[in-house]
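Asker: Got a structure here, written out as structure tokens. Questions coming.
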């Protein structure tokens, strides 16, 4: 129980269990003490771990090797090198030794603290006490010094080894070169390379390390020169070296050179790995050569490589950048066929790309695919867990309820297959009328055997007909031989919440609980539905109730609750901070979307200290310092706290951390929005000095600014420069130009840009059409806007009610009532078409 409580970070429960042991005179054994040290150590409660260790000795227990090793591991993980050494010295006195992994951990820790004497003491004991070969020990010491950035000491070690006339293993030089490159001392690394050449100790790996060092400094020309020198010296580059160079070339729009490298790699017989192949796929997609991208991607199977979910994720990201949402759907289908679990982040990315393109039909298809995927994974998880719903709840002590003794999970043994025609038939009946009596009569007449899988599909497909879907849920639950499962209940709860029928949502929840079908997902759905509508107080109460009932919140539960608390409607910032900290303590890592929302909220309400503390703490959970600061600076820019953002940027420069292009893009955008044009240009110059190429975001912001200032020539100059530097304009860039021309009354020029998009790409999306329609109607060109409505439909984009309304009012203002009536007829015809397609 102590172990379980510790693993769950329930230290209050651990303390309570210890008190209970004292009350019942239950003595602690050595295993108990060791568990306590381990659990407190994992939670970084170093003081508690030390206290337990001392109490163990006071209670007369002989501290064995395991206890000492546990303490040293805990202290090393907490970067307490001085304390770790004290325990190590005690071990040496008691003639105890460490295993090799712990020796290496201790070396890394004391090297990081800068205690050279401690490093040499540990190294000496490794050879003398543990009899580890001297050559190996020096390699571990050198690696520790390089990892901790102590290059001076590493070079001194090499000199000492030469004085001792010990043979220097080639791996020593490799480790040293890696350390020098990490410390941005490429010139020194090249000197070591020359020494290695003279001694004929050079390997392909050494070249790879230095080439990578040049690339980290954005010095592509030197990287390519060294690459060429490597080949001329008779060394065959590794797949990793080729990949690093290809990725950089593609990023700089050097498509042909990147392709040449890939072809060269194939010709020389260097076997590409997944990363190399995906680099080539990304290069092809960036040039809109989709068929070539698929050809390279499919070559993985020919080489016996099974594509991972990460490979598919890269493919989808690249397709999203060029707006090829049709191909994104194809990738998802490939994943389904390959039986690769599609993660939430992949579904979210696909939906986001399709929503940006206004392809709402495809969005619904992806969402349906996601629901089926979630059902399948939940089915496998529950069917393999071996517990029954009622038994689980009874174990949690919820004995005041009278359970109906039905096993709500037994249906998982059934096949997931169902008759699609049956599903379409029931959906047709549910959407055919608003009168439930007529619908019920139709359901009674159809001879269909309902299974939970079929019912779930029907509910998903009919969710837009909320009332009828819920009536169907109630009706089918009363049919002989049928029982609802957790999944069908969850879907009904979701439909109720989406329709803001919270009373019915809660009723279904208690019905689940009564029948023993309650699972964590039901709680999460309720919390999300309350939060979305701004009922954050109720969402918080539900969250507390969930934990009281013994259900552990998942990462998704935390995420959607925090996002709700940070929203403008029902915002509760203090509670969001508490829940966020609880999420971290529970061992969950927030994703980028959550961090952007959370930091943005803190910056908006002026809680800058909390925002900074959050950004700085991200390194403890695996985020790099540049990424953490990037998220923070972008949040400040979005909250229009420009001065604070610039201050943070100066601090980061002091720490010599490199920030990504997007941070500079956000800063430039914020400066331009404030009218600080000179400072924005200075920031662009500083980007170039740091070898960071301005992004399409930066160029677009400048184009918007110049059009706003009515400086058309300057805006077009930026556009030309952008294309010259290989930075491809996006839909947003072209939309900004159309908007700029329209504001200046240059309608013909706006149309020219629009036609250029249609012919050369990227294709106008829903937002582009909507913006152009608004601008044309404002400029009394509503008849031309009417033409855009037809073009939208021809391009597969469905005009919205707002689009039709804007054109209708514009035509009426211009006295063109007959045409306005035609627009209304078009809208009605579209509505009828969509209704018919739903019924088919």
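Backbone N, Cα and C define each Cβ position, glycine as well.
Just so you know, TrEMBL annotations are computer predictions that nobody has curated.
Here's the feature list from TrEMBL:
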REPEAT    29-63  repeat 'PPR'
REPEAT    64-98  repeat 'PPR'
REPEAT    134-168  repeat 'PPR'
REPEAT    169-199  repeat 'PPR'
REPEAT    238-272  repeat 'PPR'
REPEAT    273-307  repeat 'PPR'
REPEAT    519-553  repeat 'PPR'
REPEAT    554-590  repeat 'PPR'
REPEAT    625-659  repeat 'PPR'
REPEAT    695-729  repeat 'PPR'
REPEAT    730-764  repeat 'PPR'
REPEAT    765-799  repeat 'PPR'
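Please situate the listed features within the shown structure.
Answerer: Here the repeat 'PPR' (29-63) has, by DSSP, the following mix of helix, strand and coil residues: 26 helix, 0 strand, 9 coil.
With DSSP states grouped into helix (H, G, I), strand (E, B) and coil, the repeat 'PPR' (64-98) comes out at 26 helix, 0 strand, 9 coil.
If you take every residue in the repeat 'PPR' (134-168) and average the pLDDT, you get 74.
Residue counts of the repeat 'PPR' (169-199) by helix, strand and coil are 26 helix, 0 strand, 5 coil (DSSP-based).
Long-range contacts of the repeat 'PPR' (238-272) within its own chain (CB-CB distance under 8 A, at least 6 residues past either end) are made by residues 204-205, 207-208, 211-212, 215, 220, 223-224, 227, 279-280, 282-283, 286-287, 303, 693, 725-728.
Under DSSP, the residues of the repeat 'PPR' (273-307) split into helix, strand and coil as follows: 26 helix, 0 strand, 9 coil.
Taking Cβ pairs closer than 8 Å, the repeat 'PPR' (730-764) reaches residues 288, 322-323, 696, 699-700, 703-704, 706-708, 710, 712, 715, 719, 722, 771-772, 775-776, 778-779, 781, 784, 795 in its own chain, all 6 or more past its ends.
Secondary structure counts, DSSP: the repeat 'PPR' (765-799) has 26 helix, 0 strand, 9 coil.
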Asker: Where else in the chain does the repeat 'PPR' (134-168) make close Cβ contacts, counting only residues six or more beyond its ends and a cut-off under 8 Å?
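Answerer: Hits for the repeat 'PPR' (134-168): 103-104, 107-108, 110-112, 114, 116, 119, 123, 126-127, 175-176, 178-180, 182-183, 185, 188.
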